[in-house]
Structure formats: C-alpha cells, structure tokens
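K.L.:
Just passing along the structure, written as structure tokens.
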Amino acid sequence: MPELPEVETSRLGITPHLQGQTIKAIVVRTDKLRWPIPQELQKLVGQRVQSIRRRAKYLMIDTPKGSAIIHLGMSGSLRVLDEEVPSAKHDHVDLVLENGKVLRYNDPRKFGAWLYSEVGVAHQVLSKLGPEPLTNEFNSEYFAEKAKNKKTVVKQFIMNNAVVVGVGNIYASESLFMAQIHPKTSVGSLKASQITLLVAEIKKVLETAIKQGGTTLKDFNQVDGKPGYFAQELHVYGRAKKKCLLCSSIIQEEKIGQRNTFWCGHCQPFNK
C-alpha cells in the first residue's frame with residue numbers, strides 16, 4: 001500500500017508536469033473506485049492547475065474552480081504519459097492536459113479514490129486528521145499529551161490518523177525499531193526520553209524514505225516507473241525469521257491490529 005513517502009514521491013514527480021498547465025479533459029473509464037467518481041470533477045476542465053498538495057495520503061490538484069482529491073488506495077499509481085499512449089487494463093482515470101501530456105491513474109484493486117472539492121470547502125475525508133509528521137506541530141510535547149493515560153499499544157497509536165497522519169505499517173515498524181521500542185508497549189507507559197526519540201525517528205525514517213523515492217514491495221513505483229529504493233533500507237519490515245542487522249537476533253512477526261508487525265526481541269525488549 002502506498003504510504004506517506006510514496007504519496008509525497010508521487011506529488012514531487014507529477015508537479016513539474018502539471019503545475020501551470022490547463023486541463024483539457026478528464027476521462028473516467030470506471031465510474032466507481034472505493035467510492036463513486038463524482039461528475040463534479042468535470043468542472044475542472046478548462047481550468048489551470050495552480051498547485052499540487054498532499055494532506056496525509058491524499059493528493060489535491062488545485063485549480064481556481066476547485067480541486068481533484070486523489071487517494072492511491074492499496075495499489076493505485078500515477079504516471080505522466082504522452083496523450084497518444086493507449087490506455088491499459090486498470091487505467092481508470094486520465095487527466096488530460098493541453099500540452100499533450102496525460103496524468104493516468106492505474107489501480108488494479110480499485111480501492112483508491114478520485115473526489116472533488118469546491119474552493120474553500122474542506123472535504124469530509126480531510127476532516128479530523130492529525131498533524132503532518134514532518135511539521136513542527138508534531139513534537140514530543142504534543143505526543144506526550146495525546147498519549148497521556150492511554151493503554152493503546154504504541155504501534156496502533158502512531159498509525160492512528162487522528163493522532164498523526166501518514167505513519168503507515170512499514171514506517172511504524174521501522175520507526176519503533178530505530179527508537180528501540182517494542183510495538184506492543186502501552187503508549188501511556190512511555191518515558192519522556194522514549195517519546196522524544198520516537199518522534200525524532202518517525203521524522204527521520206519518513207524523510208529518508210522520501211529521499212529514496214519510497215518503498216517498492218508489490219504495487220508501488222514512482223511516476224517515472226522506477227522503483228522506490230527505501231526497501232533496501234528496511235531493518236525489520238518484511239524480514240521475519242531473518243537476523244537483525246544490528247544484533248543478529250531473529251526478527252519476530254505478529255499481527256497487531258490486523259497488521260503484520262515486525263521487531264527485534266533483543267533490540268526492542270517488551271517490558272510489561
């Protein structure tokens with residue numbers, strides 16, 4: 001599943017091709033993805049793209065008339081192609097530009113979304129979201145206040161979009177490993193020093209992943225078709241039964257909140 005670094009990589013990749021260009025057409029080949037694709041998207045035809053923003057794992061293509069909101073779901077991807085390139089299987093939406101380029105959305109599982117938002121109106125999917133992890137708003141003081149007296153396990157806590165957005169399964173496991181915190185630790189029991197370290201590691205892991213172009217496991221490739229290289233940096237995720245790169249202990253795996261979770265029992269001891 002594309003997570004924050006993959007979505008940010010997509011944003012960085014499409015921005016030079018879209019910003020300042022005029023939308024000539026929006027071609028919808030599948031009328032429903034995760035939700036029905038709204039007819040209001042056609043209001044963007046003839047509009048100039050002002051900016052491409054990201055909020056959590058949503059991309060917003062902004063025009064003076066309104067915005068297209070895109071979520072990549074489990075297997076979605078965006079490619080910038082020449083308009084004459086024929087569509088392929090699972091190519092569900094084209095945003096056609098007057099410069100002869102097309103932003104093409106491919107999604108085999110159809111769990112993604114294309115939505116529409118009027119200017120100045122916050123779409124409901126963007127409400128109740130926590131701060132962006134790479135902003136100053138997400139800091140140890142904020143984390144400590146949110147975690148106070150909570151019995152939730154720390155991995156589920158940092159994956160809660162109401163607490164902080166964009167810390168998906170891969171990066172939650174990696175951040176906890178780097179902070180040497182067991183994923184099943186009660187978040188309310190964390191010491192101030194652990195919180196400070198965890199916040200710093202979340203930021204560092206995400207920043208590194210963005211620089212590497214995200215993580216390619218099954219479905220994600222960059223806009224230019226190249227893989228993301230953060231998979232080469234993974235310490236625990238997807239490495240069950242392999243040796244820890246730091247201490248040579250065996251990496252453990254267990255489902256936490258229905259998500260596969262990985263950790264090193266030596267580097268991340270579980271203190272009940």
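Glycine too: its Cβ is placed from the backbone N, Cα and C atoms.
The active site, schiff-base intermediate with DNA feature in Swiss-Prot is assigned to PRO2; the stated evidence is sequence analysis. Here Swiss-Prot flags GLU3, LYS57, ARG259 as active site, proton donor. Residues or ranges marked as DNA binding site by Swiss-Prot: HIS90, ARG109, LYS150. The zinc finger annotation in Swiss-Prot covers 235-269 and rests on sequence analysis.
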K.L.:
Cα of ARG259 (active site, proton donor) to Cα of the residue listed as 'active site, schiff-base intermediate with DNA': how many Å, rounded?
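P.N.:
Taking the Cα atoms only, ARG259 (active site, proton donor) lies 15 Å from the residue listed as 'active site, schiff-base intermediate with DNA'.
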K.L.:
Looking only at the zinc finger (235-269), what are its DSSP counts of helix, strand and coil residues?
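P.N.:
Split by secondary structure, the zinc finger (235-269) comes out as 0 helix, 14 strand, 21 coil.
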K.L.:
Which of the active-site residues PRO2, GLU3, LYS57 has its Cα nearest to the Cα of ARG109 (DNA binding site)?
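P.N.:
So, spelling it out, the nearest of the active-site residues is PRO2.
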K.L.:
Going by C-alpha positions, which of the active-site residues (PRO2, GLU3, LYS57) is nearest HIS90 (DNA binding site)?
P.N.:
PRO2
K.L.:
Could you say whether, by DSSP, LYS150 (DNA binding site) belongs to a helix, a strand or a coil region?
P.N.:
coil
K.L.:
Between LYS57 (active site, proton donor) and LYS150 (DNA binding site), what is the CA-CA distance rounded to a whole number of Å?
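P.N.:
LYS57 (active site, proton donor) to LYS150 (DNA binding site), Cα-Cα distance: 26 Å.
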K.L.:
Validating a neighbour-count step here. Other CB atoms within 10 A of the CB of ARG259 (active site, proton donor): how many?
P.N.:
15
K.L.:
Sorry to bug you, but what's the C-alpha spacing from GLU3 (active site, proton donor) to LYS150 (DNA binding site), rounded to the closest Å?
P.N.:
25
K.L.:
Using a 10 Å cut-off on Cβ-Cβ distances across all protein chains shown, tell me which of the recorded positions (LYS57, HIS90, ARG109, LYS150) has the largest neighbour count.
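P.N.:
When each Cβ's neighbours within 10 Å are tallied, LYS57 leads.
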